[in-house]
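Feature annotations, reproduced from TrEMBL:
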type: BINDING; residues: His95, His97, Glu101, His140; note: Ni(2+) binding site
type: BINDING; residues: His95, His97, Glu101, His140; note: Fe(2+) binding site
Amino acid sequence: MEDPRTEVIQAWYMDESDEDQRLPHHREPKEYVSFDRLNELGVLSWRLDADNYETDEELKKIRAERGYTYVDFCDLCPERMPNYEQKIKNFFEEHLHTDEEIRYCVDGSGYFDVRDENEKWIRVWVKKGGMIVLPAGMYHRFTLDSDNYIKAMRLFVGEPVWTPYNRPHDELPARKEYLDTFIKKEASNHAVNAAA
C-alpha cells in the first residue's frame, strides 16, 4: 500500500543548475528520496487534514507528544508579503536554527531543501496537508515553487526563536549535536553496508 504522505510530500536529489529556484530542479534521470531516507537525516513528516486543522485530533496528538505549544501562520505570496522578493531571497540563503523548524502546509506549496551527509541537496516538496520537521542544526533553505503561494502553520516548543544562522555556523552546539546524532551515524551505517 502506498504511503499516504506521497500525495502531499515528495523528495528528490537536485541538479546543479542555477536556473530559477522555483523550478523543480530534478536530476536526469529523476532520483527520488524515500521517507525512510529523510528520517535517517532527521526529517520527520506527516500527512494531515489541512481543511480541518483547528479540530484535527492527529495534529493535537502530535503537538502534545512533541510539546509544540506555540502556533502562528505565515502567508507567503507576492500580494501579501511586503518586500516579497527580498524575503524569498533571504529564505533561500542556506542556514540552520538552534531549534527544530516545524512547518505544516495548510494551503499552497513550497520547497524545503536539505543537505544529505555528502552535502548534496535534497528538495522536499510540501503541499497542502503536508507537515515536516527539520531538526535543529540541519543546514537547509526554503523557496516557493512556481505557484508562488504557501500558507504555513509554524509550530514551536515554548517561546519562538526564528533566528537563522547562515552557513557557516559549524561551531554551534546544535550543529555538532545534529552531526553526532544523524550524519556520523549515517556515515558509519553506509561504511558497514559497503563492507557487507
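Every residue, even glycine, has its Cβ placed from backbone N, Cα and C.
Taking a C-beta cut-off of under 8 Å and a sequence gap of six or more, His97 (Ni(2+) binding site) has these contacts in its own chain: Leu134, Ala136, Gly137, Val161, Trp162, Thr163, Pro164, Tyr165, Ala174. Its own atom aside, the Cβ of Glu101 (Ni(2+) binding site) has 22 Cβ atoms within 10 angstroms in the protein chains shown.
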